Structure formats: C-alpha cells, structure tokens
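S.K.: Dropping the structure in here first, questions after.
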C-alpha cells in the first residue's frame with residue numbers, strides 16, 4: 001500500500017550564506033498538485049512528466065513572488081522513489097530555500113521528510129534494493145575517488161548481485177535437504193560430501209567479502225594518524241611534506257606546535273587525517289601543557305600512531321619513553337626523520353628512514369603506514385560491505401560452520417536445515433529480501449534528510 005502522505009525536504013546541502021542552486025524534493029500522491037498550486041509557470045509551457053518548466057514560487061496570497069525557479073515533474077513509476085516526484089530548483093540562499101520549503105509545507109497533505117525517507121520509499125517500491133540505498137548514502141559521504149568508486153559499485157548492484165548468487169546457492173542446497181526430509185524414500189541418496197563442500201565454498205566467499213569490507217572501511221571512513229615525538233624532531237615538517245602545504249609552523253624553536261593541528265590528505269586512495277601533536281615533554285608553560293594533554297588523547301583515539309625520531313641526533317631515552325606510552329592495541333610506525341643528514345646507527349625497531357626536507361623515503365613510509373593499519377591493499381578492493389552488511393555476512397558464515405558441525409555428528413537432515421535457514425535469512429537481510437521495520441530503522445535513520 002503506497003504512503004498516504006507526501007514528503008518534502010531540501011535535497012542539497014545549504015551552508016550559511018549564499019549558494020547557487022538548491023533543490024526542494026517532494027514525493028507522494030499530491031506532489032504534482034502541490035507543484036501546480038505553488039509554482040506559477042508563465043506562457044505556453046507544456047506541463048508533463050520529465051520536462052523542465054520555468055516559473056515563480058508564489059506566496060499564499062498569489063501576489064508576491066518568493067523565488068524564480070525551475071520545476072521538474074517525474075510521474076510514477078519513473079522516479080527515484082517510484083512515486084510522483086517533484087523537484088523545485090530554487091536559488092541556494094538560506095532565506096530563499098527556507099521560504100520555498102515553508103510554502104510547500106503549507107499545502108495540505110505535505111510533511112517534512114524523515115532522514116533517509118526518500119531512499120526508504122525507493123526500497124519499499126522496488127526501485128532500489130537495500131544495498132543500493134546504502135550505496136547512495138556512501139556516495140554522498142565519499143571522501144576520496146576510491147571511496148566513490150566503491151559506492152558506485154554498490155549502487156550499480158554489485159553487492160546485491162554477489163549476495164544474491166550466494167543466497168541462491170544456499171537455497172538450492174536447502175531445497176535438496178527439505179526434499180530428503182519429506183520424500184527420502186522416493187529420491188536417490190544425497191551426496192552429503194558434495195553438499196558440505198558447497199556450503200564451505202559459500203562460507204569462504206562470505207569471509208572474503210567480510211575481510212574486503214574491513215579493509216574498505218579505510219577508504220570509506222578514512223584513518224586518523226597521530227604524529228608524535230620529541231619537540232623539533234620534524235613532526236610539523238612531515239605533516240607539511242605529506243599535505244603539500246605549510247599547514248604547521250616550522251621553526252627551530254622547540255615546542256612551537258602548542259595545539260593539535262589536523263590536515264586532510266589522501267594516500268593511495270585512503271583518506272587520512274594527520275594529527276600533528278605538540279611535542280611531549282616536561283614544561284611549565286600552561287598553554288603548552290594543554291597541547292601536550294591533547295597529544296596524549298590523540299595517542300588513544302588514533303587508528304595508527306607515527307613516532308618520529310631525529311635520525312641525525314639518534315635514538316634517545318625520551319624516544320623510548322614515548323614509544324612505551326603508545327597503547328599496545330594501537331598500530332605504530334617508527335620513522336627516523338632527517339635521513340638527509342648523517343647520524344649514529346639506529347635501533348632495529350625503526351621502520352623507515354625519511355627526509356621531510358627532500359621527500360626521500362616518502363613512498364616507503366606511505367606503504368608501511370597503510371600496511372600497519374590493514375589498508376595496504378585497500379586500493380585493489382572491488383566490492384566492500386559496510387558494517388551492517390558484514391555483521392550479517394559473518395552471522396551467515398557462522399551458521400554455515402555450525403551446519404558442518406551438525407553434519408559431523410551425523411544428525412538427521414532436518415537438523416542441517418536449521419542453520420542453513422539462518423544463513424539464508426541473514427543474506428536476505430543484506431539485500432532487503434528479508435525486510436523488517438527494525439532493519440529499515442537501522443539503515444535509514446543514519447541517512448541525511450532529503451536523501
């Protein structure tokens with residue numbers, strides 16, 4: 001049953017100040033009626049689906065023009081949601097957008113859309129499967145080209161196709177088992193070994209998808225990398241080298257960085273937030289102490305910590321103390337900076353030598369950095385399951401493992417089907433074949449309004 005109400009929201013980002021264009025999106029049974037009531041289109045323009053019309057949004061009194069707009073009507077089912085959809089393209093200033101949206105919402109039967117409600121209706125109306133809807137959100141939030149590529153692979157149906165094939169393979173095996181439960185005397189013996197091999201093959205593919213998804217998280221969400229070290233070892237110089245701009249003040253005065261500086265970069269397709277921390281040392285300066293406290297917090301929150309030492313001065317007791325302060329569960333990379341200068345021998349725990357001055361060792365540093373946080377081969381990933389999808393794939397894989405254990409115990413066929421059904425149900429929940437209110441709430445509550 002189609003929704004009885006029509007929803008409306010701003011579908012484009014509206015930042016404070018002025019913008020070029022904004023889009024007000026409507027979807028539902030009275031969307032076209034609202035457009036005809038709100039927008040006055042002069043001349044002999046032909047009103048029809050998938051046509052651009054020119055006009056003005058008029059105030060309720062029909063006398064005052066609120067904005068000059070373009071109007072696009074897309075009648076069901078040829079629209080994003082599968083319902084009648086209207087897009088009003090207005091000017092992007094905050095007041096212009098606010099006035100147009102408020103005018104639309106004044107019409108009976110129209111309400112503000114909930115987060116992700118347009119995409120949710122697209123799923124309920126069969127325009128998208130659940131993985132494609134999630135890919136829309138991921139494409140909007142992509143922070144790198146590779147993240148956008150992965151999102152497009154999902155939007156093109158790559159995840160849905162892969163999961164559907166695996167689910168159908170399990171359904172084939174379930175059909176064989178259920179036939180034996182009901183009509184075993186009328187059918188030839190079942191090849192239990194072949195069945196188990198098929199279940200194991202599906203399980204292996206699921207675990208591979210889970211592993212790729214975990215690596216793909218680095219592409220989707222990025223990594224937070226804390227640069228720590230004694231004062232004046234070159235943390236800020238390293239940050240500036242990698243970000244290719246003078247983000248941090250670089251001087252010969254120890255303790256110059258007194259706060260936590262951040263720089264957004266992309267390394268081999270992975271979005272990286274570099275956190276240039278204050279040099280950790282004993283000091284009586286209250287401001288510097290605050291920066292050092294934030295540096296300590298960065299050690300805990302980072303996905304990987306880069307300890308920078310002065311290769312020219314050599315390894316010191318302070319370097320060893322800093323290394324010991326990095327939490328054991330946080331990956332770390334030890335970098336000896338100033339490789340362009342002569343220095344004493346360095347201990348074997350130094351991972352790479354680097355020169356922030358001329359860039360020597362930069363490629364090696366990037367490779368080690370990405371490998372330490374599990375993103376070393378992320379650039380080669382074709383499909384990447386998100387957290388929800390990975391959780392369900394893991395549940396399915398665990399159920400298939402239990403099926404194998406049941407087989408080893410030589411239990412009757414109907415015992416095999418219990419875990420097999422759970423695996424099938426989990427895969428169906430990934431794509432939306434198994435859809436519940438709880439699943440819809442979990443997925444779409446994280447979306448932006450207007451998507």
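Numbering starts at 1 and runs along the chain as it is shown here.
A Cβ is built for glycine as well, from the same backbone N, Cα and C atoms used for every other residue.
Reproduced below are the annotations present in Swiss-Prot:
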- 25, 87, 127, 451: (6S)-5-formyl-5,6,7,8-tetrahydrofolate binding site (BINDING)
- 222-374: domain 'TrmE-type G' (DOMAIN)
- 232-237, 251-257, 276-279: GTP binding site (BINDING)
- 232, 251, 253, 256: K(+) binding site (BINDING)
- 236, 257: Mg(2+) binding site (BINDING)
S.K.: When DSSP states are folded down to helix, strand and coil, where does residue 127 ((6S)-5-formyl-5,6,7,8-tetrahydrofolate binding site) land?
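M.R.: Assignment for residue 127 ((6S)-5-formyl-5,6,7,8-tetrahydrofolate binding site) reads coil.
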S.K.: Provide the three-state secondary structure of residue 236 (Mg(2+) binding site) computed with DSSP.
M.R.: helix
S.K.: Restricting the comparison to the binding-site residues 25, 87, 127, 451, which residue's C-alpha is spatially nearest the C-alpha of residue 236 (Mg(2+) binding site)?
M.R.: 451
S.K.: Please report the distance from the Cα of residue 232 (GTP binding site) to the Cα of residue 451 ((6S)-5-formyl-5,6,7,8-tetrahydrofolate binding site), rounded to the nearest angstrom.
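M.R.: About 47 Å separate the Cα atoms of these two residues.
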S.K.: Can you tell me how spread out the (6S)-5-formyl-5,6,7,8-tetrahydrofolate site is, meaning the largest CA to CA distance among 25, 87, 127, 451, in Å?
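M.R.: The widest Cα-Cα gap among those binding residues is 18 Å.
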S.K.: Long-range neighbours only, meaning 6 or more apart in sequence with Cβ under 8 Å: which ones does residue 127 ((6S)-5-formyl-5,6,7,8-tetrahydrofolate binding site) have?
M.R.: 77, 79, 80, 81, 82
S.K.: Measuring CA to CA, name the entry from the binding-site residues 25, 87, 451 that ends up nearest residue 235 (GTP binding site).
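M.R.: Closest by Cα: 451.
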S.K.: Among the binding-site residues listed here, 232, 236, which has the most company in the form of other Cβ atoms within 10 Å of its Cβ?
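M.R.: By the 10 Å Cβ neighbour count, 236 comes out on top.
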S.K.: Across all the protein chains here, work out how many other Cβ atoms are within 10 Å of the Cβ of residue 25 ((6S)-5-formyl-5,6,7,8-tetrahydrofolate binding site).
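M.R.: Neighbour count, Cβ to Cβ under the 10 Å cut-off: 23.
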S.K.: If one looks at the chain holding residue 451 ((6S)-5-formyl-5,6,7,8-tetrahydrofolate binding site), which residues at least 6 apart in sequence have a CB under 8 angstroms from its CB?
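M.R.: Expected: 11, 115, 116, 118, 119, 136, 137, 140.
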S.K.: List the residues of the same chain that sit at least 6 positions away from residue 87 ((6S)-5-formyl-5,6,7,8-tetrahydrofolate binding site) in sequence and have their Cβ under 8 Å from its Cβ, in sequence order, or write 'none'.
M.R.: 11, 23, 24, 25, 26, 71, 72, 74
